[in-house]
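Below: the structure, in structure tokens.
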């Protein structure tokens, strides 16, 4: 059993999503007491899928989740990219055993709720407090006062804001606003037995076309296939982040695409329409007693499928540094930002660029992209991403 130190300041984690629970699990593994404050009364059973690349899967294995992932996730055998109209293959990246051999962990496909449940199982009872919506944090030299929506307050020695792109703590530390990417996405789930020819072997499928793309993959043992159908949408009400939609709306946006795309979207029982926001990847989110993690620190568009993966890296690095720190957490928090900022800036930049490349209209630039893809999508070319080792101190 991990020994919990009584000499370090107690840490408050704001937000009980993937980022917050991974921060908590990593801190507890490092012997640091923490409490997670979650605004929801109960955790929702969210249906969306997550791609867990080897850079985060290795960390989850170290946290003790290898068995849970093998039970609840699916190992992807490949990533395939196809043309929008005729489904012609553009590239195929082999994963499977090659991925494990090259990067030390599989490439997992999992339902978000299953990953969340697995992380929650790592935490002792009482670590997560529900109905605790943090609205403000006031830092002093000797601690932080947290203010909650119900009028109550709590004291903590260190605060980690892992409360997503709407982060209240980020508003205090940075003060910027989310940026609409110009893209929206229809997400849905389909029974896998409706699409037997597409997913006989578990894989991630992309279809690229003018002003849009579709991503799809099976998620774990549920017999379901997740899809995200992204379209260029220059206008969106900034006050509305998501809304229920109908599969017919998504199908209309992809009229004329390959029959596999039409079949995939048409087989969904329901869809949800989301606007995709990010922020510019700036620093300044760590002080002497407060910092951010995950989307609160560096929200990014999902075109490298790295949002959750980068949050998991954040959690491991932060806990590693705090575990090696003395009573004063300030140097560790500032070092955490120094280490993470170059990494997330690169992932953030490449994610934005990939979104533009995915949506090229048919023409010379699209043809150049397509010709280059078979050599640009090799497994070794992802060493910068999947091979990154997020362990600055190595104390664990």
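One-based numbering along the chain as shown.
Each Cβ is built from the backbone N, Cα and C atoms, and glycine gets one as well.
Swiss-Prot annotations:
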| type | residues | note |
| --- | --- | --- |
| BINDING | 19, 38, 39, 112, 295 | FAD binding site |
| ACT_SITE | 217 | active site, proton acceptor |
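Where Swiss-Prot records a feature, it is marked here on the structure.
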| residue | record | DSSP (3 states) |
| --- | --- | --- |
| 19 | FAD binding site | helix |
| 38 | FAD binding site | coil |
| 112 | FAD binding site | helix |
| 217 | active site, proton acceptor | strand |
| 295 | FAD binding site | helix |
Cβ-based isolation winner (fewest other Cβ atoms within 10 Å) among the binding-site residues 38, 295: 38
In the chain carrying residue 217 (active site, proton acceptor), residues 6 or more apart in sequence that have Cβ under 8 angstroms from it: 49, 51, 76, 109, 199, 202, 203, 204, 205, 225, 226
For the binding-site residues 19, 39, the one whose C-beta sees the most other C-beta atoms within 10 angstroms: 19
